[in-house]
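Here Swiss-Prot flags 1-100, 169-368, 430-843, 893-918, 978-994, 1050-1207 as topological domain 'Cytoplasmic', drawing on a curator's inference. Annotation source Swiss-Prot lists phosphoserine at 13, 328, 334, citing similarity to another entry. Annotated topological domain 'Extracellular' per Swiss-Prot: 122-147, 390-408, 865-871, 940-957, 1016-1028, in sequence order. Annotation source Swiss-Prot lists region 'Disordered' at 294-317, 1159-1181. If you look up Swiss-Prot, you'll see 465 marked as active site, 4-aspartylphosphate intermediate, on the strength of similarity to another entry. What Swiss-Prot lists as Mg(2+) binding site is 785, 789. If you look up Swiss-Prot, you'll see 1086-1103 marked as region 'Calmodulin-binding subdomain A'. The phosphothreonine annotation in Swiss-Prot covers 1102, and the record cites similarity to another entry as its basis. Residues or ranges marked as region 'Calmodulin-binding subdomain B' by Swiss-Prot: 1104-1113.
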């Protein structure tokens, strides 16, 4: 992979020479795509002779698309480039090694080891050795003297091993992250027409000249020019900063830009620029160049002694984000907030990360104090013994020997600190998450943000969509009401009047997205494939069941002949299509939610096909006798209607007038069966202490019936099922503002929210998260598929997007993508999340036992024997076992069903429970008893020479080798004990299902044998006899037996035990900190590319002078930028949005007639001024969506405004 800065565009001469091949060059198309509105239309018409002629120049057919000839596609890639923006160059292994070497404790060890190494070669002058006291208390032979350098060299070697292991782990982690990113990118496909067929193509395979089909919810992968569009609206805020949606049409503005979102409508475009030649790619290229320039400046600044800019906030991975104020006043406010934030403790988005950070700091402080006391005691004892008790003078020639002792003491202290500081915790978290993410892919969970995996383990509530998640999303019409008759099964075509049959067929075939269709089954005897919107597919299937052909209708009325299309959105809750009648005038077909469309009908077709009046009492009767019975059977009801316009040109922009006086053709009942595995999955959630709520756009009766089938509600339960309108009435005050107190009375009992908009979903999620009801804050997971589900997905602790039915916008806002759109996969995510939490707790139980024992042994040994029984290199080896191998073994335990039989841990539950504390202290007591017995009585028990008070460079003793070997073997068997943290007795349960664990334990044991038998002086070891090995092994196995003893002690009786590793409590959060956004450093680490994007988009205001096309007016505006976010919102990542503090008033779900009046008035914007609410479309008719987008207007003095006006 290459850095964007290394990619330069081809020179103009080369580009111009290629003009003959396609009739236009890359530069021509780039210049064309920089134009907007009338300028763009003039250029297309004057220079290219219209869009169709441009297609001819690009050798593509606007209807059939490219032929798909490999040679032609390859030529296009060579001439116009590939649709790839090169990612940031990954760090090399050597760079990661250098980063690992920056660890403070390792640096201290390196310095101490080098000093030890240098001084070991010093020999005091002969004859005066006796006066140096303790340094030469016993004579050394030549071999012992020569061995002095070995300890220093061994420490250096151990540090190198630790650094290499750390660098390798970082490298593999980054590789895995990039693999995950590549997987996500490969998942992204786009619809293009090739050789007359619509195919799904990976975004990277799109070339200039492709005819792309665009629809609601798409993220445009390349620049293009509109060929044909239906009510198309684009969100261009990612490039222009304008939050208002831009209406696209051939007459107004046909320019479509990569990185923008389709918020409404559909259409076709010809691709004109891809990759680094697209508008997004150009900005990326500029950012790469500006980054290179800045780095050069930084280097020069350092050489010349220029201080770096202080207005930079360092992120975790060292990327500096340049902060610029939005305007003068906001700049002051943001500066004050920044200062406050700098003083306050940061809250972690990930519950686990927050707890681990706090615990690591506590342990680190304790370790630092213990190591300092250890060094102090060793030095004081040495000084007092030599210079006070024995009254020896300080001789100059003895100074190097004394220094050697001080260095040795210092090394002991540092090794105590190294063992005490739990560096293995981040590694254990990374390994556990990476392992879980990899396995979750097999369970149809594509994790985009690593912390979401762990957060799911704490989930207490799931707000789920109905269609496709709880149901099969395999819709079919099973009942109908046509001509005053209710059919409980599909009627025969002979039963219907020809006129009515034709109206049904035309009303469905024409008034459905042409991308929705029924294809033959993939396997013989299988069900026909439904492509596109599943609701529309159900209606098309209804046409086929009536023995009619919708293809024939669409051939007669191709998409180009559609006069006007009102696409489905959350305000209309319907879709309407207008066509010209052969004899003059227009006909409009409408379809939508039955209660919405029927309210706009004033006539209905009777048995003879004649239109008869349809009054309010008739509508109420139909609702009572037709719609409600269908809904109670779990069917969704849709109404199909039409209207003829015979006189003149109607006011098409006045929807309130157009969408009235309809004639009802039919009402159909659509069945979407509940997935067979869902009831069991919801039962598991209930057992696991997770409340499942259904949030749907369906009728309240339909929603209640489906919820009952799923097991979300059971008859007789005291739970609420509300419609969005009633929900808003209950939670809002007279001003329309949400009151948390009112919401707190509703949400605990709410199980079904029907006829809801995405605003309602966001309000519910926010209300549950912000609620203070109960001891713990709720952890909420949300599913979403529509563009307008973005705010709710972002607000939730974990957002699940649908991989099949979900839009690109929803996927971008999500944390996890369900590749099978199945609720059962969410339950598996819960299981994996809890498993991560348990894996970290297992590792903690193991590591803290080692910490406690190693620190106490080193400290006590130093105080009593002036030496640590465990040498520096041995402790580094133990630390390596702890940090790497144990984390690998314990963090990769597979999950079990028992995880779902426990309640959620909660945000404030400690990482170290009382049971774990009992295990840690219990095993520490056993190990300390054994080690102290061996230290002070081991030589007598084994009948060997004592290793205590040995001279500085004396050879390794069997005594201390036995202590070291016993210590390691006890840790090894305690690793098996640590597999269980909830008091289970059978620690071997499922051990052979985890091959990694078995391999690590076996590998560590073999390594220990090699170290003891062949490690020699570097490891301060000597060979042991067979009987000594058996004793060591017996003591190690005693850990397993002792574990059973500890398990018999009831935890409740040990009330003196305290818990540790709590989350941040409410009392600990200051008032100033309450408003701060939660920051997830793991996410920032994962998505360095997006951080680069954000940084560059802000910095481009000062770097953009390199672009020659900008006029001089731009240079003035750059000096005083007033708009921070002019073009920053490319992928709308949550960590980059700036949440406004003011109260938000979402769109109320009022009477449809009132909404239509507001929306359809000319000049009315869909976003309110303080504006958080922009009504949008939804992919499926069953949900009702409304998007909240942040308004960041392009200021008249901003560089981007200059760019737009001057180009």
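Glycine is treated like the rest: Cβ placed from N, Cα and C.
Remember, predicted model here, so these are calculated numbers, not experimental data.
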Subject >> DSSP-derived helix, strand and coil totals, residue by residue, for the topological domain 'Cytoplasmic' (978-994) >> reply: 3 helix, 0 strand, 14 coil
Original post:
So what's near the topological domain 'Cytoplasmic' (978-994) in sequence-distant terms, Cβ-Cβ under 8 Å and 6+ beyond its ends?
Top reply: 838, 841-843, 845-846, 849, 889-890, 892-894, 896, 913, 915-916, 919, 1040, 1043-1044, 1047, 1051
Original post:
Per DSSP, residue 789 (Mg(2+) binding site) is which: helix, strand or coil?
Top reply: helix
**OP:** Inside 10 Å of the Cβ of residue 789 (Mg(2+) binding site), count up the other Cβ atoms and send me the figure.
**Re:** 35
Original post:
What's the CA to CA span in angstrom from residue 789 (Mg(2+) binding site) over to the residue listed as 'active site, 4-aspartylphosphate intermediate'?
Top reply: 10
Subject >> Integer Cα-Cα distance in angstrom, residue 465 (active site, 4-aspartylphosphate intermediate) to residue 785 (Mg(2+) binding site) >> reply: 8
Subject >> Whole-number mean of pLDDT values that fall within the topological domain 'Extracellular' (390-408) >> reply: 79
Original post:
Just going by other Cβ atoms within 10 Å, which of the recorded positions 465, 785 has the emptiest spot?
Top reply: 465
Original post:
For the topological domain 'Cytoplasmic' (893-918), what are the same-chain contacts with Cβ under 8 Å, counting residues 6+ beyond its ends?
Top reply: 351-352, 355-356, 359, 439, 457-460, 684, 687-690, 775-777, 779, 827, 830-832, 834-835, 837-842, 844-845, 848, 979, 981-983, 990, 993-994, 997, 1046, 1049, 1051, 1054, 1057-1063, 1065
